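Novice: Among the features that Swiss-Prot reports, coiled coil is placed at 145-170. Taken from Swiss-Prot, the feature domain 'GOLD' applies to 43-125. Positions annotated as motif 'COPI vesicle coat-binding' by Swiss-Prot, on the basis of sequence analysis: 218-227. If you look up Swiss-Prot, you'll see 1-24 marked as signal peptide, on the strength of similarity to another entry. Sequence annotations record features per position, and here Swiss-Prot assigns transmembrane segment to 195-215 based on sequence analysis.
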């Protein structure tokens with residue numbers, strides 16, 4: 001079962017660096033998700049750059065491995081410990097506002113000496129749109145009094161739709177993670193049921209053979225027959 005989990009763990013890191021166009025500046029922030037295999041007795045950390053005055057939401061879930069638990073820590077770019085959890089199956093944490101720099105996320109499986117863990121986590125950024133960009137876009141259109149529908153209403157509707165679509169994508173991603181965890185758990189239970197069922201059948205057959213042999217010994221008379 002964990003071999004299948006290892007195949008899932010080969011998912012590509014989706015937080016790809018963006019290339020700026022025009023004037024040099026920091027790349028735009030991007031949401032991302034990642035699934036990886038955490039070996040027994042190991043600790044693995046990830047670093048994610050974040051701009052200042054934004055919102056960072058971190059969601060993680062253990063979807064494979066005995067116990068379905070892991071230790072989790074989140075540190076700020078200044079090295080301040082923001083979140084520390086022990087032996088948790090999942091968690092959701094929000095940092096707001098963020099500091100400019102690299103945040104450190106660590107998953108620790110040191111307490112387990114045998115079982116590896118399949119871990120999924122997602123990073124969700126949210127920041128206010130650049131006011132200059134919004135004003136420049138608004139100046140490029142005709143005055144509001146010349147339109148049947150106010151531009152402010154259109155912008156509000158588009159922003160609401162964008163937010164809902166992004167949240168829908170995030171919820172679907174989490175549902176996929178829940179489905180993967182439940183499937184792995186069911187496969188583990190199926191293996192246990194099959195193993196113990198086969199063991200019970202073997203014991204029943206052994207008992208039946210012993211009973212037959214015992215009954216044969218009762219009816220087998222080795223005394224000589226007088227002639």
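Using N, Cα and C of the backbone, Cβ positions are placed for all residues, glycine too.
Here the structure is a predicted model, which means the values were calculated and not measured.
Each of the listed features needs to be described in terms of its position in the shown structure.
Specialist: Mean pLDDT, taken over the motif 'COPI vesicle coat-binding' (218-227), works out to 66 on the 0 to 100 scale.
Non-local neighbours of the transmembrane segment (195-215) in the same chain are absent; no residue 6+ outside the stretch has a CB under 8 Å from one of its CB atoms.
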Novice: Which numbers of helix, strand and coil residues does DSSP report for the domain 'GOLD' (43-125)?
Specialist: 0 helix, 55 strand, 28 coil
